[in-house]
Amino acid sequence: MNVLQLMQQHDTMPETYKRLSVEEMEKRVARVKRELGTRLFIPGHHYQKDEVIQFADATGDSLQLAQVAAKNKEAEYIVFCGVHFMAETADILTSDEQIVILPDMRAGCSMADMAEIEQVERAWPILQQLFGDTILPLTYVNSTAAIKAFVGVHGGATVTSSNAKKMVAWAFTQKERIFFLPDQHLGRNTAYDLGVPLEQMAVWDPITNTLQYEGDVQQIKVILWKGHCSVHENFTVKHIEHIRKTKPDMKIIVHPECSWEVVQQADDAGSTKYIIETIANAPAGSKWAIGTEMNLVNRIIQQHPDKEIVSLNPYMCPCLTMNRIDLPHLLWALESLLEGKVVNRITVPKDVAEGAMLALERMLARA
């Protein structure tokens, strides 16, 4: 079941919230936060809008928010300002007594939806027949709980863009090959950084149920699921060439969800956290073109007026699904709690959560 199907089963915000002024909504969110105190915890991903992130009790990338969720034993309600797979991860890592809420069920992730459990279960026996028991599955945290559970049960782990290199290196100590899903670009960029040549990487197409590779399949070390981030695929080599031509003294830093060609042409690449820290530590007057989500790029620009910062793609839009979480939905979810009503609760079935926990724990133990 994908996010679009799930959202049909959940509550819809009353239209009255859309007619409120920003000032009124901010005042009411602050009031609910005061009233609920430590019973409420709001984690917010870096890609969230400023109107939402201002109320976050903790901000971070996927790894940081997973760690924060795992450590929080106090909050009764966790209102997650991110996307569906992040809220699922929070539900898995927190106690049964803690309630995880996603303010808008439309906040999904197109990348996570590119790997459905039925597709993975069809692919696995074919790959086993080709390679035997030589494959360890790894999944980017940008995946459904069901995918995480599959990976956990088969001895694998989750990864984030912050620790992908460490986790892929670990995986190669366990098995001869890795099966990386759902983001082919992060998998390819990480394996290449670790010395695996492109000639030893293949792509699994879940639509045609085939392995895309020319040559002797026994040479394959990395099997990449044919998935991608719809935001980061919009950065191209042409954008880099334009910056090199018009601003030759500007450094280019991109997220590893970008294509291999873009990452190779950039000056630097790294996780959201890495990008934030790199810009923060750069000298005043330095010039940067950033290849990642637009809400974050705009926030970095505001935080560093002493530096010249632009988006690598000047026509970039924010992540549309992240943008579903807005001030009206946050206020509605919070005020519903004061009324004794829980809306849009995220609950991962116990059997799925147990398998996913195995994958997450293997990652967190090495984070």
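Heads up, the Cβ atoms here are built off N, Cα and C, so glycines get one too.
Under the DSSP three-state reduction, E257 (iminosuccinate binding site) is assigned to coil, being neither helix nor strand. The feature iminosuccinate binding site is assigned by Swiss-Prot to H45, S62, Y140, V141, N142, S161, H255, P256, E257, T272, with sequence analysis given as support.
Cβ contacts within 10 Å of C109 ([4Fe-4S] cluster binding site), excluding its own Cβ and spanning all protein chains shown: 22. Look at Swiss-Prot and you will find C109, C229, C319 tagged as [4Fe-4S] cluster binding site.
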Residue pair C109 ([4Fe-4S] cluster binding site), N142 (iminosuccinate binding site) - Cα distance, angstrom, rounded: 7
Close in space but at least six residues away in sequence, with Cβ under 8 Å from that of E257 (iminosuccinate binding site), the same-chain residues are S161, D183, H185, L186, H228, C229, V231, H232
Residues other than C109, C229, C319 within 8 Å, Cβ to Cβ centroid, of the [4Fe-4S] cluster site? Y47, V83, S110, M111, N142, S230, V231, H232, E293, T321, M322
Distance check, please: Cα of C319 ([4Fe-4S] cluster binding site) against Cα of Y140 (iminosuccinate binding site), rounded to an integer number of angstrom. 18
